[in-house]
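Enquirer: Marked as transmembrane segment by TrEMBL: 27-48, 82-104, 116-136, 142-165, 186-212, 224-242, 254-272, 305-323, 365-384, 404-430.
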Amino acid sequence: VSCLCGSAPCLLCGCCPSAKNSTVSRLLFTFFLFLGTLVSIIMIIPGVEKELYKLPGFCEGSGSVLGVQTHVDCGSFLGHKAVYRMGFAMAAFFFLFALLMVCVRSSKDPRAAVQNGFWFFKFLVLVGITVGAFYIPDGAFTSVWFYFGVVGSFLFILIQLILLIDFAHSWSQLWLRNAGESNAKGWYAALCIVTFIFYAASIVAVVLLYIYYTKPEDCTEGKVLISINLILCLVVSAVSILPKIQDAQPHSGLLQASLITLYTVYVTWSALANVPTPTCNPTLLVRNSTSSAMATQPVTTWWDAPSIVGLIIFILCTLFISVRSSDHPQVNKLMLTEESAAGAGEAAVESGPHRAYDNEQDGVSYNYTFFHLCLLLAALYIMMTLTNWYRPDESLQALTSPWAAVWVKICSSWAGLLLYLWTLVAPLVLPDRDFS
């Protein structure tokens, strides 16, 4: 009972290594997010989706959109509604803690105890918000919450891109440093092999996008979007190996550019999977089979390839947010994290089987509010990913893919490429600043 009301380290078992209080707390909040994601996945399984009819008030058969009463065929998007309400519950939960933790400076603040403890009660709060979310009446909720999901997902994709660029630079620096210290050519060979694999996968993916998502006489939008992103990827790859860039940033190279290129191709693929034109999107009809007019079609499954890849990236990125502390001061400043200054003068590690300690007595090692806002955006992103960015049409009889989803993803890919390009040219544009 004391562990359920006490601090996060109390939940560690005897076999766990020594851990920082801040790291354990972040991982436990991330576990709450993953738990909500798992519930969302379960609710869109066809067999479970049918059981949602039994929830009182969840499917009344009618509703209103912007004040206009319409007949609703709830069977066409029960799973969709359930995921939206689960996403709302998780977003509300993390928004609540983001507000509670504003301006917490150290673990001496009484609110830090709420951040790092009382996990049983936090779980009850999340369950209570989730139950309440399922009683939100139909109407404009789904339509309005869709746009909240679009904006939040766009911001989370940008966070993913920041972390990906940081990871790519750190990866390249580590291998080049190992190669220089050991004077072993194997590290350089590994860099070349991984870079080649990334570029080869990107080329193959681009060819497949042209084959499956364009037609010789149609699909102009798809052709233009693929071509633009391909050209931009070639540009950033060429810039990364320019002599002036190499002089300013010796660790800059094709490994980072290849990883950014591969991710850009994935985002392009994900965007094209939302194009609402059937002839230009081979997966569109399958995912629209929820419509009552297509009742003879196979049962809808939300698990297309872009969603699966997006789910994997979401898991890796969220875990990275929970445990990361970058080697680059600029990234730490941007992400509001830091190498814990309290770590050098920490009190002795707690004795006993838990071996965890408070590393934030002199100052927090991450911004509590910003961390919860990141998880809030992650909840919106996974909500949109599990529903393939679909929304009910005007008649609420079918789920459709809007062009807004396409442009949000494409714009995020452009923003990511521009952000990576800035990390290359910034030392030349701002020579007085330290970018080491």
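Even glycines carry a Cβ here, placed using N, Cα and C.
Quick one: how deep are these features, and who are their neighbours?
Expert: Here the transmembrane segment (142-165) has long-range neighbours at 65-66, 80-81, 84, 87-88, 91, 256, 259-260, 263, 267, 313, 317, 320-321, 324, 331, 334-335, 374, 376-381, 383-385, 389, 391-392, 404-405, 408-409, 411-412, 415-416, 419-420, 423, meaning same-chain residues at least 6 beyond its ends whose C-beta is under 8 angstroms from one of its own.
Panel annotation: around the transmembrane segment (186-212), residues 172, 175-176, 178-179, 222-223, 226, 230, 233, 253-255, 258-259, 261-262, 265-266, 268-269, 272, 282 of the same chain, lying at least six beyond its termini, place a Cβ under 8 Å from a Cβ of the stretch.
Long-range contacts of the transmembrane segment (254-272) within the same chain, counting only residues at least 6 positions beyond its ends with a Cβ under 8 Å from a Cβ of the stretch, are 157, 161, 164-165, 167-169, 171-172, 175, 191, 194-195, 198-199, 201-202, 205-206, 209, 213, 222, 225-226, 229, 232-233, 236-237, 240-241, 280-281, 306, 309-310, 313, 405-407, 409-410, 412-413, 416-417, 420.
Among residues of the same chain six or more beyond the transmembrane segment (404-430), those with a C-beta under 8 A of the stretch's C-beta atoms are 150, 153-154, 157-158, 161-162, 164-165, 169, 225, 229, 232-233, 235-236, 239-240, 244-245, 248-249, 252, 256-257, 260, 263-264, 267-268, 270-272, 274-275, 384, 389.
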Enquirer: Counting only residues 6 or more past its boundaries, what in the same chain has a CB within less than 8 Å of a CB in the transmembrane segment (82-104)?
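Expert: Apart from its flanks, the transmembrane segment (82-104) reaches 29, 32-33, 36, 39-40, 43-44, 49, 52, 58, 111-112, 114-115, 125-126, 129-130, 132-134, 136, 141-142, 145-146, 148-149, 152, 364, 368-369, 372-373, 375-376, 379-380, 382-383, 386-387.
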Enquirer: Taking the transmembrane segment (305-323) as the reference, which of 27-48, 116-136, 224-242 gives the largest number of Cβ pairs under 8 angstroms?
Expert: 27-48
